[in-house]
């Protein structure tokens with residue numbers, strides 16, 4: 001049986017191996033070894049040369065069709081044509097796309113993107129490159145949100161959709177954005193060791209004695225976000241499509257290919273479009289350098305989470321007395337953790353976030369059982385709950401705790417009730433349950449730090465902080481500072497961002513109290 005110290009050492013060792021392995025993998029993705037013979041002889045047969053280095057005049061054409069494979073220009077619609085296409089210049093254009101009847105009846109519409117020589121139709125150009133992307137996807141429509149008092153909705157529900165599909169039935173949605181990239185580096189590949197990730201996007205041609213790879217055309221699927229999807233109904237004949245283009249480096253191209261493969265693997269394992277969208281947001285909404293920082297920061301966060309959980313459970317497992325501990329603070333932490341879990345469940349948040357929140361809620365419920373000295377005895381099929389008694393020192397702590405909560409209630413209750421009433425009048429929700437959970441979670445985020453104050457008051461009255469689980473508390477404090485970094489580099493609600501910084505203030509007060517009580 002591993003001791004606690006050896007378990008912590010094992011966790012730290014595994015963390016170090018994980019960081020080293022991740023760094024090595026990232027280096028292998030970003031760095032590609034060029035052909036060693038490229039400088040010695042320009043026509044060396046082992047090298048694969050870029051066709052773009054010849055500076056050909058190119059044209060970009062985007063077609064739509066209901067067929068997944070096309071062999072000629074029949075049954076296709078040209079929606080965008082960019083003559084004198086410059087691979088170095090980015091652009092963004094919005095076009096209207098005709099929606100065929102088959103697509104309106106829950107069918108699929110595909111976009112065929114061709115990069116070919118200017119003035120030549122793509123079907124007549126032997127050096128054209130193309131890529132296919134579906135412009136539709138299937139999702140369950142988002143439930144309509146209404147004002148619970150007036151019944152007024154934000155959007156009118158489409159009658160045809162009401163008649164043909166239930167809310168739990170997936171229907172065809174329109175992808176309103178199409179993001180294109182071309183790898184523009186004049187990079188000479190080693191033909192004997194082509195990277196497998198890039199190789200599947202490459203098309204080779206023999207020009208004289210040398211082998212060239214045609215322009216690498218890439219569709220950024222990570223930019224296809226759930227927020228950009230539009231429900232397709234039977235009355236829709238045209239829909240807008242925003243086509244954007246930007247050049248991409250070889251290192252970023254390889255990294256993006258790996259990330260798209262990872263998201264696709266999640267979907268193959270049963271993750272929904274919304275779950276995958278949570279992962280996409282990490283990559284799309286963050287700068288590439290910040291993204292690398294995020295990976296390492298997240299690894300430290302995971303390590304400190306594990307150590308905090310381990311030490312917190314160990315502390316509460318051995319705890320027999322509540323002297324110096326605020327029972328109200330324990331109850332509040334349990335309540336707020338359960339509310340946040342129910343809120344995430346109501347919002348259909350990704351399982352990557354939901355599962356850790358659920359585990360945290362279970363641990364907090366167990367801590368409440370310990371704090372209240374609850375025991376459960378079964379009388380037949382009915383459980384009987386008994387509460388233990390407090391000694392004189394614990395009763396003194398409870399008096400301080402009740403005194404702090406009395407002062408706190410004068411501020412807390414009016415704020416929470418006022419916030420819930422305001423949201424009921426001005427914000428639209430799916431149901432009364434959704435309003436209730438949102439009101440609770442807004443109270444947790446906005447005023448949750450106030451429930452940390454009773455513990456500060458108890459510490460002040462008892463002139464001691466020795467009763468606190470300082471090891472677990474320290475690891476949680478490190479995670480609070482890590483959350484501060486995430487607050488700057490990750491897109492999140494403002495209330496959650498403020499919640500990260502408010503915990504810093506309380507932690508600094510705890511440190512000040514410890515400094516005062518040290519001999």
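Note that Cβ sites are derived from N, Cα and C of the backbone, with glycine treated the same way.
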As TrEMBL has it, transmembrane segment corresponds, among 288-309, 376-397, 464-485, 486-507, to residues 288-309
Surrounding residues of the transmembrane segment (351-368) on its own chain - C-beta under 8 Å, 6+ positions past either end: 271, 275, 278-279, 305, 309, 312-313, 316, 330-331, 333-334, 337-338, 340-341, 344-345, 374
Under 8 Å Cβ-Cβ from the transmembrane segment (330-345), and at least six residues away from its ends along the same chain, one finds 353-354, 357-358, 360-361, 364-365, 367-368, 371, 437-438, 440-441, 444, 448, 451
